[in-house]
Amino acid sequence: MSTKAISSTDNSITNSEIKKKPFECDVCGKIFIRKPYLTLHYRTHTGEKNYVCEVCGKAFYQKSTLTHHCRRAHTNEKPFACDMCPKEFWDQSELKMHYRIHTNERPFPCDLCDKKFYRKSHNYKLKLHYRVHTKEKPFVCHLCREAFSRMDSLTIHIRKHTNERPHVCEFCGKGFLRKGDLNGHYLVHTKEKPLNCDVCNRAYARWKNLTKHYSIHNNNKPHTCDTCGKAFSQTSYLPYLTEHYRTHTNEKPFQCDLCEKSFSRKSNLNVHYRTHTGEKPYQCSVCLKSFSQPSQLICHNRLHTNEKPYHCDLCDKSFSRKGYLNSHSRTHTKEKPFACDVCGHTFSQKGHLNDHYVSHMDEKPFQCDLCGRSFLRKRQLNEHKRIHADEKPFPCDLCSKSFYRKYSMQKHRRTHASEQLQESESN
């Protein structure tokens, strides 16, 4: 039995019956047309769960939910099969909803934007979607105070702190935060590419790669950078367009209050702070190397697994990092987003821009007002001023030494790594 509130679409209940027998929750004020519905509803406030699974002990508010759980969790019975793909389902309603993935039917729209949903019954998904508009993030990590709009997102985030990887590959032993990541990883072993473009028949392992590939055919990219012409295909990518503009303007609005280094993204500033604190909470389970951010650990793990999940849509090359793929893609697009702030010359790779700066070595417009020394870039001047101020914002997390520059600290840390390696070999 399922809980039912009064609805204008419930044709089985007459208006006279509603007026005659209103049952109101004295906790939240919600009204029900029958007393059993109210009784079930009360359990959401009291936490009472009378129906317990005999197999795993999980408890439920309603008997129908328990029945559904037993069928899904403890039996392999899936009598309803899709005739368009190999998927099978526990009940007919799930199969009906699944068909909409093939037909792309989304009859239930958000009333604040153009996004549509497969299911009306997925009010929860619609509620989550509304938080995109309201910016509501009610679930807060107790370790770092980062907030999330969904509870499952918080659960996965906490695993980054605990280094928990509950979903383990049976072929290579690699662990993953999410089951979906594990399923995608399996394709590395099987080499399977089950998704085909219906225009050119190119095959892909993952749906997101196929979706990205389709943009080549339909050229549906309404949001375009007016400087270099790079286009973004969805309204949700507008923040990326804003960030992309900063590659041309060199705008870096987020400044570190410890060393004055600036960043184009707030997330990059948050990660940068760890260079001052020495915090490296993410550790490789294979070689025990530690990292300041989870993305670095993920990329590092690929050195052990030789996994290259980023595939070029225009050729057969694959890469271990998205940044490598982005750099490679510019060989096809001829995009040159890195501009010299001295002469305006543009480059496709940041490394090429850094090499180019050598040609301007005679021009050093940034002068120290304490000793008269000049520098090519303002960042170099700021680093130099730390020598006068005796400011050393980059501490080694293995000893008491501190350094003016991050590079010097990193070079110093390698001496510790060498010492540790010698000790382990001697033992």
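Glycine is no exception: its Cβ is also placed from the backbone N, Cα and C atoms.
According to TrEMBL, the feature domain 'C2H2-type' maps to 23-50 (among others).
For 51-79 (among others), the entry in TrEMBL reads domain 'C2H2-type'. The DSSP breakdown of the domain 'C2H2-type' (51-79), given as helix, strand and coil counts, is 12 helix, 4 strand, 13 coil.
For the domain 'C2H2-type' (139-166), the list of distant contacts is 128, 131-132, 174-178, 281-283, 285, 294: same-chain residues at least six beyond its ends, Cβ to Cβ under 8 Å. Residues annotated as domain 'C2H2-type' in TrEMBL: 139-166 (among others).
Beyond its flanks by at least six residues, the domain 'C2H2-type' (167-194) meets 156, 159-160, 203-206, 285, 301, 305, 307, 309 of its own chain at Cβ-Cβ distances under 8 Å. Residues or ranges marked as domain 'C2H2-type' by TrEMBL: 167-194 (among others).
Taken from TrEMBL, the feature domain 'C2H2-type' covers 195-222 (among others).
Residues or ranges marked as domain 'C2H2-type' in TrEMBL: 223-253 (among others).
As annotated by TrEMBL, domain 'C2H2-type' applies to 254-281 (among others). Among residues of the same chain six or more beyond the domain 'C2H2-type' (254-281), those with a C-beta under 8 A of the stretch's C-beta atoms are 160-161, 243, 246-247, 290-293, 379, 382, 386, 391, 393-397, 406, 409.
Residues belonging to the domain 'C2H2-type' (282-309) score a mean pLDDT of 82 in the model. Taken from TrEMBL, the feature domain 'C2H2-type' covers 282-309 (among others).
Taken residue by residue, the domain 'C2H2-type' (310-337) breaks down under DSSP into 12 helix, 4 strand, 12 coil. Marked as domain 'C2H2-type' by TrEMBL: 310-337 (among others).
Listed as Cβ neighbours of the domain 'C2H2-type' (338-365) (distance under 8 Å, sequence separation of 6 or more from its ends, same chain) are residues 247-248, 250, 327, 330-331, 374-377. What TrEMBL lists as domain 'C2H2-type' is 338-365 (among others).
Across the domain 'C2H2-type' (366-393), DSSP classifies residues as 12 helix, 4 strand, 12 coil. Residues or ranges marked as domain 'C2H2-type' by TrEMBL: 366-393 (among others).
Per TrEMBL, domain 'C2H2-type' is recorded for 394-421 (among others).
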